[in-house]
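S.K.: Let me give you the structure first, and then I'll get to my questions.
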Amino acid sequence: MNHYLNAFLRSIIEAVTEFLPVSSTGHLFLFSSFFPFSGESLEFDDLFDIFIQSGAILSVLFLYREKFGSQMLSSFQYLTKRNSDSQGFYFLVQIVIGAFPILVVGFIAKKFLDTIKARPDLLDILASAWIFGGVLILIAEWFFQKRQGTEEKKTVGFRDAILIGIFQCVALIPGVSRSAATIVTARFLGKDTKSSAEFSFFLAVPVLLAAGIYKLIKHRSILNEVTIPILAFGFLISFLLCTLVIRLFLRYLQKHSFGVFGIYRILLGVGVLVFTKFIR
């Protein structure tokens with residue numbers, strides 16, 4: 001397959017799955033298992049995934065530029081005693097608190113996680129994680145149907161940020177999905193669908209940014225006149241499509257729950273298990 005066509009298809013997969021609770025990493029691995037970049041190393045695959053994830057980060061910063069800008073300005077004014085309003089400062093602190101656990105655990109458990117990703121039965125692990133996550137999403141939606149009439153909370157507090165950040169660590173297991181872990185936790189804490197999704201978006205920024213910087217430094221030796229245009233192409237496509245997907249996702253959540261993503265995960269997981277056990 002042509003490198004640019006491969007990059008285009010991977011960018012579409014990243015854009016559609018990064019902020020949905022379905023595991024973008026799992027989908028990208030599934031695709032690359034059948035359609036790898038011909039002639040390129042695994043390091044290039046890894047770096048390309050980081051570039052398209054960076055495009056996803058930029059889409060969040062672009063869509064929420066006014067919110068991030070005002071919160072950062074408010075934080076600066078609060079810290080320099082020019083403003084007594086602490087809301088912006090505490091918002092940024094919550095993002096840091098929520099991102100901190102997965103950054104620490106990811107660093108400590110890096111070798112173990114790399115071992116999991118190198119296992120020959122990784123597709124089975126992904127399938128199991130898809131099914132398990134799908135069941136959890138359906139349980140969460142059932143839980144909220146039982147709570148009909150109870151007011152859902154739109155504000156994420158410090159306790160919420162800590163708990164969401166802790167459970168986000170589960171997403172280090174391939175196939176679990178960072179979005180699923182954060183959204184499901186937020187829902188069990190009583191947050192409405194939009195607030196759950198948006199806080200998940202915000203948490204993605206420091207987490208994916210840290211991973212991106214680390215891997216860019218690690219794989220900088222493969223940057224050259226051949227690879228850079230492909231990486232830049234994937235970054236641009238991911239940014240443009242992710243911007244559209246986030247808008248459509250939030251519009252969808254105005255009238256629907258996360259249940260359909262739970263069903264999708266279960267069906268995908270079962271399909272992959274059937275393939276690995278009976279077809280491959």
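FYI, residue positions are counted from 1 along the chain as it appears here.
Backbone N, Cα and C atoms are what each Cβ position is placed from, and that goes for glycine too.
Heads up, here are the entries from Swiss-Prot:
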- 19-39: transmembrane segment (TRANSMEM)
- 44-64: transmembrane segment (TRANSMEM)
- 89-109: transmembrane segment (TRANSMEM)
- 125-145: transmembrane segment (TRANSMEM)
- 156-176: transmembrane segment (TRANSMEM)
- 197-217: transmembrane segment (TRANSMEM)
- 226-246: transmembrane segment (TRANSMEM)
- 259-279: transmembrane segment (TRANSMEM)
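How buried are these features, and what lies next to them?
M.R.: Within its own chain, the transmembrane segment (197-217) is flanked in space by residues 18-19, 46-47, 50-51, 53-54, 56-57, 60-61, 64, 95-96, 98-99, 102-103, 106, 156, 161, 164-165, 168, 178-179, 182-183, 186, 191, 246, 249-250, 253, which lie at least six positions past its ends and keep a Cβ under 8 Å from the stretch.
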S.K.: Looking only at the recorded stretches 44-64, 125-145, 156-176, 226-246, which one has the largest tally of CB-CB distances under 8 Å to the transmembrane segment (89-109)?
M.R.: 156-176
S.K.: Would you call the transmembrane segment (125-145) and the transmembrane segment (259-279) in contact, using three or more Cβ pairs under 8 Å, pairs 6 or more apart in sequence?
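M.R.: Since 3 or more Cβ pairs under 8 Å link them, the transmembrane segment (125-145) and the transmembrane segment (259-279) do come into contact.
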S.K.: With Cβ distances under 8 Å as the criterion, find the stretch in 156-176, 226-246, 259-279 that has the most pairs with the transmembrane segment (44-64).
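M.R.: Looking at each of 156-176, 226-246, 259-279 in turn, the most contacts to the transmembrane segment (44-64) are made by 226-246.
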